[in-house]
Amino acid sequence: MTEEPQNHRSDDEHQAHGDGEQARVLRFPSERLNADQTHDEGETGPRVIDGELVEEDQAPQVDQSHTAEAGSSLLHRGKREPVLPKWASNVEEFRETAKWAVGYAGHTSAFHAVRCPVYIARILMRVPQGTLRLLGGFLRWVTDAEGRTVRHAAADRADAAEYLRLSGQRDSRVRGRVYATVGLGAAALAAFFLGRAFLPELVQYAIVAGALGAVGWLGAPADQPIATRAVEATKVPKLTSNAVEIALNALGISGINQAMGKGGEGIGFPKPISRDGKGWRADVDLPHGVTVGDIMDRREKLASGLRRPLGCVWPEADNSEHAARLILWVGDQDMRKAKQPAWALRKGITVDLFQPQPFGTDQRGRWVDLRLMFTSVAIGAIPRMGKTFALRELLLIAALDPRAELHTYDLKGTGDLDPLEKVTHAHGVGDDDEEIEKAISDLRKLRDELRRRAKLIRDLAKQGLAPENKVTPELAGKKSLGLHPIVIGVDECQVWFEHPDYGEEFEAICTDLVKRGPALGIIIMLATQRPDAKSLPTGISANVSTRFCLKVQGQTENDMVLGTSKYKQGVRATTFAWADKGIGYLVGEGSDAQIVRTVAGLDGPASEKVAAYARTLREAAGTLTGHAIGEVQDVDETAARKDTLLEDILAVFGEAEAKVWNETAVARLAELRPEVYGQWEPDELTAAFKRHGVRANRQIWGTDATGTGRNRRGFHRADVAETYTQRDHGRGAG
Ligand SMILES: Nc1ncnc2c1ncn2[C@@H]1O[C@H](COP(=O)(O)OP(=O)(O)OP(=O)(O)O)[C@@H](O)[C@H]1O
């Protein structure tokens, strides 16, 4: 096809087809660009442009999807709603919903039954008025009163023809209605006498009562109905779309106010508002540009707009939909005051840590389960929100599995974890030097245990006994293997990580336990009231798999406990109120964040009872060890010794050996102190150097045992000496 450059823009849109049909030439952008450039450069000769002729009505539009859908157009359309609503498919919820419906109906009936005498009195008082209304209406009908104004108008206009027509029509109508009245009157009289003669007395009374009721009802003024509205007296009014709209409009979010204003897009309700557990659920499509996070930030205002207590109003994001899909759940009762269903473990049962166990209840009053095995836990909150209660509850769950070996550390020192003393293997209270030394000694042993388990699992996997390279219930049950669950609970863990002497070592061991522990049956649970990088080191906060965050003050703390970007995704523990004790966001393994309230009333004495049961289980299983049976933890000199790595390196390498391979250093250190360095790997030396701030992992040239020269990882002795001297100076100055 040929085209003149001067008019190629218009031709670009429409080309005259040979047979006169309109068609369009579509070019690739680069082609268009080239064409434009050529044109600008003043090239005037005719050009040939490649193009495909596309029928006008087939030309793709910019906002059309070009993706061809395979198969029938009936396929893949829309999201299928479950056949049964959620409340009907879950036995507990069905029971709750049925209970609510029966309660609602019962309340309404009782409400009206009690007021029956008042209603009867009101009806009787209104009978005269009702009779007058009835008669008035009847007379107006018989006399065709509704046409009167039209007839008068015709008379006023002196429109004789129209007037005669209307009068004639009225006369015939009135005549017919009078006959009908006489007929109906006669039938009514006959019915009356027949009824009097043949109907039982009770029926006669019922008919009279019905008639009086109807007449009395008719006599009631429109603004004063006979019956008072029962729903106003109920505790929980139904959540309506109107109420939701009013509340959202009152939040002061401009996007919502514009959408709700004249000509605005409005707020969408993709599903009808329905009962969900012990409350109402509204799925709301917020206006474009408004996010669920905007609503969550104003939870208190939303509750005010809905005229509900704050503890009843729970806005949540629907992560399976778009960012503007809000799930607003409004409970019948304040979550913090609602009676929690009984905790199955309160009276004590044997627990299997490999199975999910009830941890808390959600807003709907349903139990939320948590599987402790293969996980590590971080709990964070500002003080007094229920962090210790949550940690103690998890430790109690672990205690009820008689196989689990507990290590409990209450670094606040107020004895919150003391109920577990009767079952725990290692127990620490407070942060004085002796306690810290005991703790580091215990953790070093746990690190060794971690290594032992790693090697054992590797061997077992080779024999086909650990198919997933992790502890299985069968392996944990074999006493000879020593792969039982080990559960470590630390309250106020920041005390460890901020310790001037052992802080780095605590951090290194805990990070290792968090990362490798879960697969090897070691579960570490850390609680802190100051979730920042120092109290919950990033190596730990990034690797824990279960997170529970009660109220925190800001986005950083929120994301530190719950995981990166959680705040942005609308998971905001900042929205909890001061009174939301024990209520937090739980992010479990691979599950969406959900609001959970830990077991209420699990205080010291209640915990003692559970722990006492756990002890009996352990006695029967023969698994009581350590602190629980009064064994004093052996804090031998080696375990409690301070970290003397730098001194030791300087001792085993003279100044002549300026550059050293890690593997050579590890071998020499093991000779010097086999009890400390005997198990060390070169990587461990690198990690230890890092903790001391020595530059590690340099490439060092040397010769191996065969005399071959090669590069290997190592360090400069001078770096070690310099760090050591600086530290000594620092200490001297301090
Ligand atoms: N699930 C719950 N329901 C109701 N109240 C709870 C719940 N969990 C904890 N509480 C209450 O919260 C209060 C604080 O609990 P806890 O001692 O665990 O807080 P904390 O965050 O550990 O405080 P601190 O930082 O001072 O140690 C307690 O008085 C307790 O009764």
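Any Cβ shown, glycine's included, is placed from N, Cα and C.
Listed in TrEMBL for this protein:
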BINDING   ALA381, ILE382, PRO383, ARG384, MET385, GLY386, LYS387, THR388  ATP binding site
COILED    429-463  coiled coil
COMPBIAS  1-44  compositional bias 'Basic and acidic residues'
DOMAIN    363-559  domain 'FtsK'
REGION    1-49  region 'Disordered'
TRANSMEM  178-196  transmembrane segment
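For ligand 1, the nearby binding-site residues are MET385, GLY386; that is, of ILE382, MET385, GLY386, these have a C-beta under 6 Å from one of its atoms. The 10 Å shell around the Cβ of THR388 (ATP binding site) contains 22 further Cβ atoms across the protein chains shown.
Per-site Cβ counts within 10 Å over the binding-site residues ARG384, LYS387 peak at LYS387. Counting every protein chain shown, the number of other Cβ atoms lying within 10 Å of the Cβ of MET385 (ATP binding site) is 24. In sequence order, GLN529, LEU550, LYS551, VAL552, GLN553 are the residues near ILE382 (ATP binding site), counting only same-chain partners six or more apart with C-beta under 8 A. Listed in chain order, the residues near the ATP site other than ALA381, ILE382, PRO383, ARG384, MET385, GLY386, LYS387, THR388 are GLN529, LEU550, LYS551, LYS581, each with its Cβ within 8 Å of the site Cβ centroid.
Its own atom aside, the Cβ of ALA381 (ATP binding site) has 28 Cβ atoms within 10 angstroms in the protein chains shown. Shown are the binding-site residues PRO383, GLY386; of these, the residue with the fewest other Cβ atoms within 10 Å is PRO383. For the recorded site, LYS387 (ATP binding site), the DSSP three-state label reads helix.
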